[in-house]
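The next block holds one structure in the form of structure tokens; read it before the comments.
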Amino acid sequence: MALAGAGSQLRTLVWSACLCVLVHGQQAQPGQGSDPGRWRQLIQWENNGQVYSLLNSGSEYVPAGPQRGETSSRVLLAGAPQTSQRRSQGGPRRRQAPSLPLPGRVGSDTVRGQTRHPFGFGQVPDNWREVAVGDSTGMARARTSVSQQRHGGSASSSVSASAFATTYRQPSPYPQQFPYPQAPFVNQYENYDPASRTYEQGYVYYRGAGGGMGAGAAAVASAGVIYPFQPRARYEDYGGGGGEEQPEYPAQGFYPAPERPYVPQPQPQPQPQPQPQPQPSDGLDRRYSHSLYNEGTPGFEQAYPDPSTDVSQAPAGAGGTYGGAGDPRLGWYPPYAANVPPEAYVPPRAVEPQPPFRVLEPPYLPVRSSDAPSQGGERNGAQQGRLSVGSVYRPNQNGRGLPDLVPDPNYVQASTYVQRAHLYSLRCAAEEKCLASTAYAPEATDYDLRVLLRFPQRVKNQGTADFLPNRPRHTWEWHSCHQHYHSMDEFSHYDLLDASTGKKVAEGHKASFCLEDSTCDFGNLKRYACTSHTQGLSPGCYDTYNADIDCQWIDITDVQPGNYILKVHVNPKYIVLESDFTNNVVRCNIHYTGRYVSTTNCKIVQS
């Protein structure tokens, strides 16, 4: 009986506990509808193979008006990953700094300019589903609100809190410092003209770095603390009043230029005929010498006046002070200022044409032979002299530069000697016609001895331009014996003259060499070599030919002992233009004994 009574009491207690739990649950049902934690809305979407869910505990529509402090809503973003890979603790988090309210900026404007991007660059308002269009107070309140607490981490890695979704609609503990009205949110598909951006005087602007600096700046701003960065200079600081004030100096427009009056070009005055040059007292012909020979010479300027110094002036009645104003290329341009007096146009000095464009009278042609040519030959030689010799380069008349070859007489005098060699060792030189005519006779053998007068040669280009070969590059001749190209037919003439009569006693030859910069003075660079495409002689450089190379000689096998004159002539036919042709010849006195030679009195002469 006792056990039966105890069992019945135990059953009674169990049923009483269940009834209490049931009654308590039924009493909690009426308040469930007002639970702020209840999820009322669910939005799902898929991105990159992952399904996301947006849960909202608030109502879908919020009426316009002041926000009630006792109500709050929660927004939760949940993602369900498709793969089994688990992320770090807390799941993926979106970090986004709340935007600061900028006066005059539309809600959809981006930082870069007026271009509207649909919900891009973090410019979407936080309450885009809760604030009605046209409610400026709600927009300002939503944009200035700062998140105070975040949703705690969930046990599931697929549920994460968003920076903009975990904001509780609670009143801020700090008073709002910037109650400026904001422009309402504008639909991104609506055609509108964005308002011009202006800056207010009383507003304090803050600058924040990327990341969470924006949130920190907003929190400090809401607390009334000035951020420790200097504000950027506003447009008003430079004198611009938002477009209301006119600038002190208006912008200069484009106005048509006034027409230039036409003035006929003055007719050139006839030049007087040059008088014949007075005969110099020393007997030297200086018509083709450098200009330094004529400086300070009385009577030279009168005999050969400079046409560039005689500038014809316009007549007084032909347009006043406007010289050649009809043509912009030749005339006068009006000044920009109206009060500046016009200046007369002064034409540039006429540049003296370089050879062979200018013809001098009387013509002059150096004669290599002692025999006087005929009358017709003089006429033909005069025409040839006009084309080949040309004028002298004068650097004071803005003309182009020309080379100037000068042989070294001391170099020739220091190393002249006699050599005897067998004909079989001179085969390469024989191919280039560097021997006397008796070496090519049928009775000549390889064991015949040839007597050679050897001497070196060093030529300097002391002009202002490169001395280049006259032959085109594709016509240069290749010599297999010497293994180089010959770029000129006649670079130098070597002659042996009789000291008493001046007649040529040894057959000179036409030396054809390849041009190169052997050595250069200090400050000049070597730019040419004896190759197939870079032959020439630079200014300030020397082309040196030692006495032991082929063809650097005169064959004197048939010459008797005696006194002679060695003549070395550079650029003998004046094929390449030079600024001075009077310094191309070197003469030396030679005393030949039959076994050796002595060289004296080497100097530069005219011919």
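Positions of Cβ are set from backbone N, Cα and C atoms, glycine also.
The Cu cation binding site feature in Swiss-Prot is assigned to His482, His484, His486; the stated evidence is sequence analysis. Taken from Swiss-Prot, the feature compositional bias 'Low complexity' covers 82-91. Marked as compositional bias 'Pro residues' by Swiss-Prot: 258-279. Taken from Swiss-Prot, the feature disulfide bond applies to Cys428-Cys434, Cys481-Cys530, Cys514-Cys520, Cys541-Cys551, Cys588-Cys602, supported by similarity to another entry. What Swiss-Prot lists as 2',4',5'-topaquinone is Tyr545. Sequence annotations record features per position, and here Swiss-Prot assigns region 'Disordered' to 63-111, 237-323, 362-388. Taken from Swiss-Prot, the feature region 'Interaction with FBLN5' covers 334-402. The feature region 'Lysyl-oxidase like' is assigned by Swiss-Prot to 403-607. According to Swiss-Prot, the signal peptide annotation covers 1-28, on the basis of sequence analysis.
Feature annotations (Swiss-Prot) mapped to structure.
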| residue | record | DSSP (3 states) |
| --- | --- | --- |
| Cys428 | disulfide bond | helix |
| Cys434 | disulfide bond | coil |
| His482 | Cu cation binding site | coil |
| Cys514 | disulfide bond | coil |
| Cys520 | disulfide bond | strand |
| Cys541 | disulfide bond | strand |
| Cys588 | disulfide bond | strand |
| Cys602 | disulfide bond | strand |
Expressed to the nearest Å, what is the distance separating Cys434 (disulfide bond) and His486 (Cu cation binding site) at their Cα atoms? 14
Distance check, please: Cα of Cys481 (disulfide bond) against Cα of Tyr545 (2',4',5'-topaquinone), rounded to an integer number of angstrom. 17
Cys541 (disulfide bond) CB neighbourhood, other CB atoms within 10 A: 25
Nearest to His486 (Cu cation binding site) by Cα distance: which of the disulfide-bonded residues Cys514, Cys520, Cys530, Cys541 is it? Cys514
Considering Cα atoms only, can you say which of His482, Cys541, Cys551, Cys602 is the nearest neighbour of Cys514 (disulfide bond) among these recorded positions? His482
Just to confirm my parser: what is the rounded mean pLDDT across the region 'Lysyl-oxidase like' (403-607)? 90
Which ones in the same chain are close to Cys530 (disulfide bond), with CB under 8 Å and 6+ residues apart in sequence? His484, Tyr485, Cys514, Leu515, Glu516
Please list, in sequence order, the residues in the chain of Tyr545 (2',4',5'-topaquinone) that are at least six apart in sequence and whose C-beta is under 8 Å away from its C-beta. Pro456, Gln457, Arg458, Phe513, Gln552
Below 8 Å Cβ to Cβ and six or more residues apart, same chain only. Which residues does that give for Cys588 (disulfide bond)? Pro409, Val412, Gln413, Thr416, Ile565, Leu566, Thr599, Thr600, Asn601, Cys602
What recorded positions in the list His482, Cys520, Cys541, Cys551 lie within 10 angstroms of Cys428 (disulfide bond), counting C-alpha atoms? His482, Cys551
Neighbour count, 10 Å Cβ-Cβ cut-off, for His486 (Cu cation binding site): what number do you get? 20
Cβ-based isolation winner (fewest other Cβ atoms within 10 Å) among the disulfide-bonded residues Cys481, Cys520, Cys551, Cys602: Cys481
For His482 (Cu cation binding site), the closest of the disulfide-bonded residues by C-alpha position, picking from Cys520, Cys541, Cys551, is Cys551
